[in-house]
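Step one of this worksheet: look at the structure below.
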Amino acid sequence: MPRPGTSGRRPLLLVLLLPLFAAATSAASPSPSPSQVVEVPGVPSRPASVAVCRCCPGQTSRRSRCIRAFCRVRSCQPKKCAGPQRCLNPVPAVPSPSPSVRKRQVSLNWQPLTLQEARALLKRRRPRGPGGRGLLRRRPPQRAPAGKAPVLCPLICHNGGVCVKPDRCLCPPDFAGKFCQLHSSGARPPAPAVPGLTRSVYTMPLANHRDDEHGVASMVSVHVEHPQEASVVVHQVERVSGPWEEADAEAVARAEAAARAEAAAPYTVLAQSAPREDGYSDASGFGYCFRELRGGECASPLPGLRTQEVCCRGAGLAWGVHDCQLCSERLGNSERVSAPDGPCPTGFERVNGSCEDVDECATGGRCQHGECANTRGGYTCVCPDGFLLDSSRSSCISQHVISEAKGPCFRVLRDGGCSLPILRNITKQICCCSRVGKAWGRGCQLCPPFGSEGFREICPAGPGYHYSASDLRYNTRPLGQEPPRVSLSQPRTLPATSRPSAGFLPTHRLEPRPEPRPDPRPGPELPLPSIPAWTGPEIPESGPSSGMCQRNPQVCGPGRCISRPSGYTCACDSGFRLSPQGTRCIDVDECRRVPPPCAPGRCENSPGSFRCVCGPGFRAGPRAAECLDVDECHRVPPPCDLGRCENTPGSFLCVCPAGYQAAPHGASCQDVDECTQSPGLCGRGACKNLPGSFRCVCPAGFRGSACEEDVDECAQEPPPCGPGRCDNTAGSFHCACPAGFRSRGPGAPCQDVDECARSPPPCTYGRCENTEGSFQCVCPMGFQPNTAGSECEDVDECENHLACPGQECVNSPGSFQCRTCPSGHHLHRGRCTDVDECSSGAPPCGPHGHCTNTEGSFRCSCAPGYRAPSGRPGPCADVNECLEGDFCFPHGECLNTDGSFACTCAPGYRPGPRGASCLDVDECSEEDLCQSGICTNTDGSFECICPPGHRAGPDLASCLDVDECRERGPALCGSQRCENSPGSYRCVRDCDPGYHAGPEGTCDDVDECQEYGPEICGAQRCENTPGSYRCTPACDPGYQPTPGGGCQDVDECRNRSFCGAHAVCQNLPGSFQCLCDQGYEGARDGRHCVDVNECETLQGVCGAALCENVEGSFLCVCPNSPEEFDPMTGRCVPPRTSAGTFPGSQPQAPASPVLPARPPPPPLPRRPSTPRQGPVGSGRRECYFDTAAPDACDNILARNVTWQECCCTVGEGWGSGCRIQQCPGTETAEYQSLCPHGRGYLAPSGDLSLRRDVDECQLFRDQVCKSGVCVNTAPGYSCYCSNGYYYHTQRLECIDNDECADEEPACEGGRCVNTVGSYHCTCEPPLVLDGSQRRCVSNESQSLDDNLGVCWQEVGADLVCSHPRLDRQATYTECCCLYGEAWGMDCALCPAQDSDDFEALCNVLRPPAYSPPRPGGFGLPYEYGPDLGPPYQGLPYGPELYPPPALPYDPYPPPPGPFARREAPYGAPRFDMPDFEDDGGPYGESEAPAPPGPGTRWPYRSRDTRRSFPEPEEPPEGGSYAGSLAEPYEELEAEECGILDGCTNGRCVRVPEGFTCRCFDGYRLDMTRMACVDINECDEAEAASPLCVNARCLNTDGSFRCICRPGFAPTHQPHHCAPARPRA
């Protein structure tokens, strides 16, 4: 018995068990009552039938009530308060002394708890602080709502539940679960154990284990009894406190002593292992790494799993899974090294005879972008946020490197856009690091240039290398997350040095009990997890044909195909289950289990597994299948400084004492500044804040506790103002002082003013004497006081005229002096005044000057050309410039004038602009001189330079022509006539009429039609003839006139090489046509044919093989040389041993298993035929195919073919007029005689020694490969179909592949709608499509409309709403898409389910409008449009039966656009559109699908079509395609979309989270305004790769344009200007 007053601690474990098979558990074993007690061996407990109150941590039990323990602030350590004013003394760690004690501490006998019990046990009471205590809940930051925002309830609560929070339903009694979808039975009294149960033992670590407090091993075992058909998942085991948690301190001491005595016992780990579906195999090589050894046990395991070498070279002391192994002596520290001279382990060096650890971090250069942390024998890299360890664990790389986002990779940038994508979507890292792609993604993101910082960020390993997520999965795993799996179906053999290990998950072993009794009560059908020992399902009643596993080993997908006598079955891998049809392994969606895993986090399903995404305040549990609350109160240092920390789910609370409040960051308590919160707290005083309180400091003149009382200083004695008047003021007083007195401010008395101390002082020139209230001035001789008596002023003695007789009197301060007047002055009234010489008598400066009087003299200002005498004032005289300057020289003479001068220039010269020089006259520019010659100016004259045949005239001012014929006489030209010409002459002959003399002396024909114009012949056409002309009828182009006056066609094809080597010229009336050979197309000039690059025009024609263009055709080259490309299946297969390459031929099975090719459809019943010796008659007739079809008469391959050409190729019958003679079988002697060389060869002229390959593509034209591309081979042919089609070997055409009919689900969780060449997926609300557009996922985070209203389920013929939904209100979208036909009190009608509005509102697809199929075929140019017929009823096949499982990229998706115009039958949609995807609809504008035939399914409710399906329209000229994309969404109201401005420059689309704006190209989304704003491409362009080369970038609305710089001109390359070439 424990002693009174002492307390101890023993562990109590709480296990939360969530049975996956709830009904079976409740049926087989009774649920325990809420008062059930967990029995711990060795601990006293009450009987199970007695109700027991268990108090929460921090509370004590008193009289069947739980009382909260209260401790003073700072009186107890954190979590050490045991009761009122009582602290819990710390207890040292208690190691286990013996196996019996160890078992008593960790072993539990347990029964499952009900959901109510689990909630009651985990619920914690949240205390509220009394009085002034502040209470803060720490939450993740959220956007503050504007005004009063109602609570959005996106959950649809079932069974009468009410949505009270965005993530919570308030469920009625007997129901539970997030959506109230689970039926939970009420509390039942305990019942005796039912025989036939199975006991499972789970061994796992404690979730909240702390070594410093608990002092026991962190591994515990839990025993659970459950039915054999139930599977139990233990999410976590926690330690909780209870009223019986008191022990004797002496018992603790004894246990501690016993533990020390047993220290030599072997170390063991309390864990048992058994196979389980989601665990690790023993071959994984990972185990627990233990940091401490306590009492014979390994304790304190590190989070996660490690290999033994990594553990022992680091901080571990022991390692193991089932048994604990001490680290090797050579892997420990320096004390463990025994051999003094032996080599040290890696990471150690010998110092003074011992091995010491090497600090690798001190050398530098390690852990790029991270922090290096030294460990024993090595080092580790700690990466900052946003970075991860790479596979070498020696550097940190950006998280963007392993982004799994995939998109198209473009190889060509052309005309400002992206083109030529590769065939599959890949990650940006693979695209750009391989340097194959130039841009990536739907927005055409340019790959960074090689060597740039952006390139090094996404390609840290350099060009040609990339990181995959699997390389970093071990390094980037969060603590507690599930490690990588090792499939149980593929066991591996451990090396000799490794040890078996188990995953960091609870393992269990099964203990069989007697068989349970059958329970007749039915239960819900829930999926059971697959068991590794399970051998396979039962053989289905009807399955595919036998031999499927040999023909198609991967028919089961993620599983193993097992042949059965009547078919096959599948053994599925872990995480997959057999499909309902029993023919495929499909993924098990663990997230849909009941109850779902990952609570309270979010579960994300993945193929074969799942993962948990935990919210803030939670962390992944040890099993990575749950989210555990983070106890922030256990942090070091603990939060809530100056207060008490209380943990809450996902956060924590700070309870602060009075005068304190929680800090803004919520991690501590801070003092409340009362002075700041209440500014007027102290009135006129100063508030001083104190820890937990405050006080007021009053200024002078105030008093009181809040400084509210004023002090009256005027009532004091003696009066404070002296001779002045005192006026009391608030907080002080004011003195009104008389003249001569002043106060120094409020509260200062009146004092005498010393005027003599002023600056400047009064009484200038005198002495100042201060008096009481005034002053006086004492002045010296010569001064007297002024009238105010404040200054001494000078006495002016010069006012007496007799002071200086005959002289001038000059007064000075205090005196005066007499002086005689200077020159230029005279005495006037006792003063000397100036004499004005300019106004007295004649002008002193003469007629050419201006007189200016000065003091005592004057000054003369002379006109130009005149100057005054120097040294004295006088009249202005003329200046002779000709004597003083070198004017008019050397071509003139200077002449002086009065006030100036003039130049007399020589002939040929004239005065300059200023008249001071003589300049040459340029006669050549002023007169028309030297006609027919060149005028050259000379100094003072000019001269004429005459051309040959000219001479100067008599006046030497012109050039005259020399008449050679007159001067040199008739002998100059002999017998011809001499004709003079300007500058020369010519000898001409006398020509006949209609001819004229040519330049070489010959007679040339005169073209009258050109010389006289078309008027010469009127309405006819003028045709020149030698010496004359004639008028002929006018013929059109391509025709020529006949001798009879008519027009006839010109045969351009007479020249056989007119159309080139790859075409045949066909003459047409008035024209011609070049018919190109296969693989060629007409050039722009129409005169020749050029090669067609099928690798660019036929996207995806080679599948995964490499497409190589050749002249007139193309090749599909397989990456592995032994393989060859099979065009019928689109795959590379081993080479066939047989010589035939005809479609449908069966090659021999290859040695290694490969992906099987598409087998031909099952043979249809053929018409009976009788043996025959040969056809009746010979010659050329019709060749038929598919003769067993009902319309066999229409199945004509070709006409005018021989019996051999038909039957030795692909024909099945030969004849005429539907009188068909069947071709002989290939194994018959008749066939061997007809076709001695086999199919595809003929014996020319009956010579069996020769053979000729038959070109089926040329012989049968487009009938042998309808809607495809036919390529001839030797022998046979290949038919290449576009993506989404396969070649039908009987119908000889490419037909649409119905992906929806394939065994592999095309749309997981949704409805599949097949389209021509592709398919689309649609989901029923509230499910939405994920990023792959092929899978429907839960939309838990979708934000619905705020406006709730009544939903009307029926609308009558008179538009009257009726039958409202009474259980709940709904939004407009919810009502129209799920429940009713009208919404709101105004009875707003919902859109019709076959309308565009309904499609856009509810995110569903509807059947297209039907129209006749457009006949297709590949002519010149190629067209898209396969003929649609009845669907094939056989086994469905797609382009690839199953995609390769290990490829790091996704197959190229089908064209997602609704109106994507297909200009070629293969490849992706056009990339000159703004976006790859748009949500307008599922069909293209080139053709519409045919009406559904037999077997075609439309998963829609039938209603009358109120509106036809809209046909797309071409955007108007000058408009953008983005505008047409937004048209289907323009009718969405702002209230529906939740966006106020309606997504300007974008369109409103529905996304899993609700609605958002999808911006057009050139715009980005501004999240603050939810509007699309223009992207300034010019500002965001990188300097290393400018947008405009040799040009200036100018931003425009939604785009940009380039303006070439001066000296540059635009080129054909977009946004690129080249130096302009100078014009010739």
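The backbone N, Cα and C atoms fix where each Cβ goes, glycine too.
Among the features that Swiss-Prot reports, compositional bias 'Polar residues' is placed at 487-500 (among others).
The compositional bias 'Basic and acidic residues' annotation in Swiss-Prot covers 508-522 (among others).
Annotation source Swiss-Prot lists compositional bias 'Polar residues' at 1138-1149 (among others).
The compositional bias 'Pro residues' annotation in Swiss-Prot covers 1156-1168 (among others).
Per Swiss-Prot, the feature compositional bias 'Pro residues' maps to 1446-1458 (among others).
What Swiss-Prot records for 1501-1510 (among others) is compositional bias 'Basic and acidic residues'.
The disulfide bond annotation in Swiss-Prot covers C409-C431 (among others) and is backed by sequence analysis. Within 10 Å of the Cβ of C409 (disulfide bond) there are 27 other Cβ atoms, across all protein chains.
According to DSSP, C585 (disulfide bond) sits within a strand segment. Annotation source Swiss-Prot lists disulfide bond at C572-C585 (among others), citing sequence analysis.
All protein chains included, C612 (disulfide bond) registers 23 other Cβ atoms within 10 Å of its own Cβ. The annotation disulfide bond is assigned in Swiss-Prot to C598-C612 (among others) on the grounds of sequence analysis.
Annotation comment: Swiss-Prot describes C633-C645 (among others) as disulfide bond.
Under the heading disulfide bond, Swiss-Prot lists C737-C750 (among others), citing sequence analysis as support. Close to C737 (disulfide bond) in the fold, though at least 6 residues off in sequence, lie C721, P723, G724, S743, C750, each with a CB less than 8 Å from its CB.
Listed in sequence order, C756, F775, C777, V778, C779, S790, E791, C792 are the same-chain residues at least 6 apart in sequence whose CB falls under 8 Å from the CB of C763 (disulfide bond). Look at Swiss-Prot and you will find C763-C777 (among others) tagged as disulfide bond, backed by sequence analysis.
Annotation for C944 (disulfide bond): spatial neighbours L929, C930, G933, I934, C935, T936, A952, L956, A957, S958, C959, criterion Cβ-Cβ under 8 Å with sequence separation of six or more. Look at Swiss-Prot and you will find C930-C944 (among others) tagged as disulfide bond, backed by sequence analysis.
The disulfide bond annotation in Swiss-Prot covers C1053-C1065 (among others), and the record cites sequence analysis as its basis. Sequence-distant contacts of C1053 (disulfide bond), defined by Cβ-Cβ distance under 8 angstroms and a gap of at least six in the same chain, are C1059, C1065, Q1066, N1067, F1072.
For C1183 (disulfide bond), the same-chain residues lying six or more positions away in sequence with a CB closer than 8 A to its CB are I1196, L1197, A1198, R1199, V1201, E1205, C1206, G1211, G1213, W1214, F1260. Look at Swiss-Prot and you will find C1183-C1206 (among others) tagged as disulfide bond.
According to DSSP, C1207 (disulfide bond) sits within a helical segment. Close to C1207 (disulfide bond) in the fold, though at least 6 residues off in sequence, lie W1214, C1223, P1224, Y1231, L1234, C1235, each with a CB less than 8 Å from its CB. Under the heading disulfide bond, Swiss-Prot lists C1207-C1223 (among others), citing sequence analysis as support.
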Integer Cα-Cα distance in angstrom, N425 (N-linked glycosylation site) to N1200 (N-linked glycosylation site): 48
Alpha-carbon distance [C645 (disulfide bond); C1321 (disulfide bond)] in Å: 51
Sparsest-packed among the glycosylation sites, when each Cβ's other Cβ atoms within 10 Å are tallied, from N425, N1055: N1055
Of the recorded positions listed as C431, C633, C645, N1055, C1307, the one whose CA lies nearest the CA of C585 (disulfide bond): C1307
Secondary structure content of the domain 'EGF-like 6' (671-708), with strand meaning DSSP E or B: 4 helix, 13 strand, 21 coil
C-beta crowding around C645 (disulfide bond), within 10 angstroms: 22
Candidates C585, C1387: member of the disulfide-bonded residues with the richest Cβ shell (10 Å): C585
C1361 (disulfide bond), number of other Cβ atoms within 10 Å: 22
Other CB atoms within 10 A, centred on C572 (disulfide bond): 26
Which same-chain residues, if any, lie at least 6 apart from N1200 (N-linked glycosylation site) yet have Cβ under 8 Å of it: R1180, R1181
Proximal residue to N1055 (N-linked glycosylation site) among disulfide-bonded residues C409, C572, C598, C633 (C-alpha distance): C409
In the chain carrying C431 (disulfide bond), residues 6 or more apart in sequence that have Cβ under 8 angstroms from it: C409, I422, G437, W440, C447
